Amino acid sequence: MAGRPRPQLQPHSPSASTRRRERWLVVLGVALHAVYMLSIFDIYFKSPIVHGMEPVPPRLSAAPAKRLVLLVADGLRADKFFEPDERGRYRAPFLRGVIEEKGRWGVSHARPPTESRPGHVSLIAGFYEDPSAVTKGWKANPVEFDSVFNQSRHTISYGSPDIVPIFCSRVPHSTWDTYPHEYEDFATDASFLDHWSFDQFQGLLNKSFHDVKLRQLLLQDKLVIFLHLLGCDTNGHAHRPYSSIYLNNVKVVDQIAESMYNLMENYFKDNQTTYVFTADHGMSDKGSHGDGHPSNTDTPLVVWGAGIRSPKFLAYTEKPDDGFRFVDDHKHDAPTPQDWALEGFERVDVNQADIAPLMSTLVGLPCPVNSVGSLPTQYLKLSKADEVEAVLANTKQILNQFLRKSQLKESSSLYFKPFKPLANYSSVLSQIEDLISERDFETAMKHSEELRKMALAGLHYFQTYDWFMLMTTITLGYIGWMVNLILHVLQSYTSFPAILLKKAQLYPKNTSMKVYIGGCFFMGLSSIILLLEKSPVLYHAYVFMTIFLWTRIVHNFGFLKAAWREFSNVPFKYTLNLLISSAIVVLVLEFLVMSFFDRKIYTWCFLVLGILGSTYVSFFIQASPALAIYIWLACWFLSVFTLMPAEIPENNNLVILSGALIILIAVASRWANSNCTSFWLYLTRANKRDSQSSKLYFAQVILVAISSIMVWLSTSHRSQNRELHSLHQLINWSVAGAAMVLPLFSPPSVLSRLTSIFLGFAPPFLLLSIGYEAVFYSAFSMVLIGWIFVESANLYCSEESGSARRRSLVDGSVFGYEERHLQLSDLRIPLLFVILFNVAFFGTGNFASIASFEISSVYRFITVFSPFLMAGLLIFKLFIPFMLVICTFSAITKIVRIPRLGCYFLVILFSDVMTIHFFFLVRNTGSWMEIGNSISHFGIVSAQVVFVLLLFALTNIYTRDIVVSSRQLTARKVM
């Protein structure tokens, strides 16, 4: 792309061998990014679960309780639970009375992903979800793990079909049942689901009066009862957590807690039951959850009954911060909000995983063997001796995990590096046992807690044991892939003289064979080392991929040497142009990296781009002033949207207004399509418009209008809490489907086809929109049209001022869509593509955050809970702007006659510059929200090679027969 200047319109037709090499390169790129994306599962998403440890039962004089009741209000936020309503009344009067008179309370801090499965795993199994479960959608057990239910004598459970079977389906000593999936209907008040769970348990108790075996089962000790209450979660998704339906559901779960307490006490009458009320996660203001925002991580915790301390009254409200941080990075003993009116009652916050050892200890069970929770002793009413024994059992259970991981790693490592701080763990345990024998419980407690913290640090050490090797291998792999991309583009798409290729043949064939034999030798050697260390299969894939890429680079050493010699001989101004262009590309890509953390960067980007674009059009292209004004207005209009909140507020008037704006833009484009002067010739065809295209245009406009009407109708039904009619759903599906088919029958000229595509995707986007993102669709399309106008005007200007030879090429012969070589100036096209592609990511929210998926967007198509269909609709909505960008990109490559596949490789090259940066920005310190977001950023950019290619294939259906006119002649190419 640099080198001696060549005629700009030099034809370029890739050979068959180049096409074959490209197909293999694309396959290699997809495989490489897929494999390297999996590396985050070995680095950050590695399963913490190991097997082979023995349970450690606490040596208590007697279990504090015979049975335990766990009530989990799915999706219940701590603030909505504790704060008063608008009339000053508290929504959970019974549980508030428990806090003030019977038990202890606090906030349970969850760790992202704040989803139902991870939250329940933390509560019941004591560890923060097996991250490898992400590949199964948080639904199934990727690895079997121990839990409180496994250790119990018997477990009784009722609730959601998505949660209860996870923990009970393989526990033989369990009684459980779930309601059908069809009950989870977002169009109804879901609080009846909570009543269903309670009614099932009440029916079981009533049945026991006539069933002797069931009665005996209920009267035994170590009994665990679990009611999963899904109402708050479903109502929060459908109606938001500040809606009357959600807030009323808070009262419902409080009533169920009261009914459960009265039912148990009247049935057993022995005061040997402990009650734990909490939630798996919270709910954001827009009705979603998943990230690390306090609204999602802060959940209520109320514990009372047998073995639980009475409320502790405080003489002062200011509490010192002892430096402890919870998993969501909140301070220990953070101030209680004044409107909760609970400052006088001691608040004991816990990490969510701490609840599992608390429940185990209360009924005298061993802690789950995979638990990493620390026993919160402030909740327990135990003697000093029993308290120390309980903490020591918790410590031994975590220490056993550490010892097992250490043993497994040592048995498979050629050079093992032990965790030195725990080298003398056995002497510390002996010291603690001696202190207990001497009844020095305070010192024994201190040493036990210190040993537990050290064991947790040891678990982290072995969890990250392979990080350095993996990160080095993968970084070298990405660099090798990028060098291979540059080599391919230089060899296949640039105008290096033929002598350069001759100079590249420095190595004879037998030398090339030696290079590949050497690569195979290194692969074999690394494979033997990895096999001896019993490394996972993916470790082999990472190393093999990296060695293969660098073997290809060594194989092309001759070409690299010749290319360097060629670059050394070019005039200094061309070298300077290359350096300046590279610096601008890197600078822009760094700004794009920053935009993942601050969307407002795009606002400044398009404010500047509007000024620069209009200036360039006015002074360098010397196009019409109207085009310059249009570019300026379109860029500034789009700059507004990244100032909008990522949490899209509902405003259906904007959606309906956007329908009118879409029609207005289509009318303007229709007028422009009739223009047959100057650079418009690249976008239109000289032939007459037939009546068929007019009918198609009006049909598409009518579909946009119908979709706007259906937005209003569907929303009005939902606002009145009425079910969406099946007829409405049928119309919405039909309109969306028909609209996307019609562009295939539009005229093949650039502007006609792109306008038809714009109108075709508008109805489904409108029907999936709830607010300002519908207007973003129009603003984004205006900028894309402006990009085409500028490229066409630039080409027209260059042809007007070109040499006689270039003019004869264009005016005197049919160019036949011969693709020319890439020039250094062509870098602007893939760079603008990357910018606009990222704007499509972040123009209406934070794609990197799980919580940015607005589930209410799909309610006009489906209201009954169906996770795969709902996720599919959400992803399709997010992909629509990407498809517009790629259709525009394809049209521009045809207009300027550059190879689209060559530009694709440059796009991937730019994306991988960002990928390497994000790979180093992945954090393993700070809050889990920051860690999760950094991994999301890496995954999103790394995945672009896959879904950009996929979207190219999809959009090719619409763009493959686009016809571009060159001056007065039309040439046609089918891509």
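A Cβ is built for glycine as well, from the same backbone N, Cα and C atoms used for every other residue.
Per TrEMBL, the features are:
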TRANSMEM  24-45  transmembrane segment
DOMAIN    458-927  domain 'GPI ethanolamine phosphate transferase 1 C-terminal'
TRANSMEM  467-490  transmembrane segment
TRANSMEM  574-595  transmembrane segment
TRANSMEM  601-621  transmembrane segment
TRANSMEM  694-714  transmembrane segment
TRANSMEM  726-745  transmembrane segment
TRANSMEM  750-770  transmembrane segment
TRANSMEM  776-797  transmembrane segment
TRANSMEM  829-848  transmembrane segment
TRANSMEM  868-889  transmembrane segment
TRANSMEM  901-922  transmembrane segment
TRANSMEM  934-958  transmembrane segment
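Contact count against the transmembrane segment (601-621) (Cβ pairs under 8 Å) is highest for 574-595, out of 24-45, 574-595, 868-889, 901-922, 934-958. Sequence-distant contacts of the transmembrane segment (901-922) (same chain, six or more residues past either end, CB-CB distance under 8 Å): 22, 25, 29, 40, 43-44, 471, 474-475, 478-479, 481-482, 485-486, 488-489, 492-493, 585-586, 589-590, 592-593, 596, 822, 826-827, 829-831, 833-834, 837, 889, 893, 931, 934-935, 937-938, 941-942, 944-945, 948-949, 952. Taking residue pairs at least 6 apart in sequence, the transmembrane segment (574-595) and the transmembrane segment (934-958) share fewer than three C-beta contacts under 8 angstroms. Away from its own ends, the transmembrane segment (24-45) comes close to residues 131-132, 134-135, 464, 466-467, 470-471, 474, 477-478, 481, 484-485, 488, 536, 538-539, 541-542, 545, 549, 905, 908, 922, 924, 931, 935, 938-939, 942-943, 945-946, 949 of its chain (Cβ-Cβ under 8 Å, at least six residues beyond either end). Residues belonging to the domain 'GPI ethanolamine phosphate transferase 1 C-terminal' (458-927) score a mean pLDDT of 79 in the model.
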